[in-house]
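Quick look at what TrEMBL lists:
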- D80: active site (ACT_SITE)
- E173: active site, proton acceptor (ACT_SITE)
- H78, D140, D196: Zn(2+) 1 binding site (BINDING)
- D140, E174, H379: Zn(2+) 2 binding site (BINDING)
- 205-304: domain 'Peptidase M20 dimerisation' (DOMAIN)
Amino acid sequence: MEKLLDRFLNYVAFDTQSRSGVRQVPSTEGQLKLAQALQQELTELGFEQVSVSKHGCVMATLPANVAWPVPAVGFIAHMDTSPDFSGKHVNPQIVENYRGGDIALGVGDEVLSPVMFPVLHHLLGQTLITTDGKTLLGADDKAGIAEIITALVRLKKRQIPHGDIRVAFTPDEEVGKGAQHFDVEAFRAEWAYTVDGGGVGELEYENFNAASAVVKIVGNNVHPGWAKGVMVNALSLATRFHQRVPTDEVPEHTEGYQGFYHLHSAKGTVERAELHYSIRDFERDGFERRKKTLLDIAETVGKGLHPDCYIEVTITDSYYNMREQVEQYPHIIALAQQAMRDCDITPLMQPIRGGTDGAQLSFRGLPCPNLFTGGYNAHGKHEFVTLEGMENAVAVIMRIAELTALRAKTRQTSSESVSVKA
């Protein structure tokens, strides 16, 4: 357990916050530094085919230790942390045997409270790793990295039967570019699991269909003293535009399988304004409807403007719901469910209200559902992870590897039996 914690604390010390709007991958130098450190660690641990691509994607192999053929299975986590909150100078706090109540985060007034986060009521007696209130923690997804490496080290040390295990640690997942430069062919796995979920038991193979929308508004600025009939205020148009977006279909009012529009940034002057939206929906029909809604709003608000003034909406699809891909391979979900049950964990099947590298990879021929990490409240100062949850993730990864090998042996034996009878 100590080694798992040590690994995690080492990884969160790297500032790997990604940046949106940057063409290069990885978007920040810190991710390359962590990639190089992971390459060195994996090499020293005796993994094979350890590599780092020019885009900072780390790959390695734990070779099979059985004589019969076993499908290669992969485990994937991402190195970057969210651009939404600082990941520099992370100073974790370790709270052993949590007894309930508020946890002070650092020296100031910030606390981690069960009033705001009721899940804490279910974590009594556990070891919590929190922030000091000044940064995020980075359990998303450095807990996943620590869990994968620890699981494979234990598989190797304990001689648990397994086939080839492939691992990958990707950059820029938080800005939607983690899978763009992922070499699926070089990875050589028949299927994989991202280890990028939340609380213990989470198993996910449904995610949002996602798009980004940029609303560009061009007005006309003149002196306000003689603006009548001449000024076209881009900020006023932006306000009118957003007022027409359904107010009950936003993140703070939706849950489960409900989609949303999310205005995440806005800027502007009288002359020009921009609104940036995230569009999310689990169903393709709803996804297309949401995109059309924004286009229709632009047409309505922009009607009758001077030809030099206009509203332009640019929509870019980011990723799609991997359900339609993963459902073609039910055994990979069944293996994960069985692994959890074997570890006395109840599988919690639920949709991802977000996306993972696995969403894109599933559409590129690598079906890739998502496993829990034991982390909570990602992307902010209230992020935390439990050591017990991390240990559970390690156990599930190990059991999936073992079950994959045992399943292959059973299938081979059955095939040989049929051949003999024939």
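Each residue, glycine too, has its Cβ placed from N, Cα and C.
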Sequence-distant neighbours of D140 (Zn(2+) 1 binding site) in its chain (C-beta under 8 A, six or more apart): T81, S82, D196, T373, G375, A378, H379, E383
DSSP-derived class (H/G/I helix, E/B strand, else coil) of H78 (Zn(2+) 1 binding site): strand
Cα-to-Cα gap, the residue listed as 'active site' vs the residue listed as 'active site, proton acceptor', nearest whole Å: 7
Site of maximum Cβ density within 10 Å, from binding-site residues H78, H379: H78
Cβ neighbour count (within 10 Å, all chains shown) around E173 (active site, proton acceptor): 27
Spatial separation of E173 (active site, proton acceptor) from H78 (Zn(2+) 1 binding site) - C-alpha basis, Å: 6
Whole-number mean of pLDDT values that fall within the domain 'Peptidase M20 dimerisation' (205-304): 97
Under 8 Å by Cβ from E174 (Zn(2+) 2 binding site), counting only residues of that chain that are 6 or more apart: S18, H78, D80, T81, S82, P83
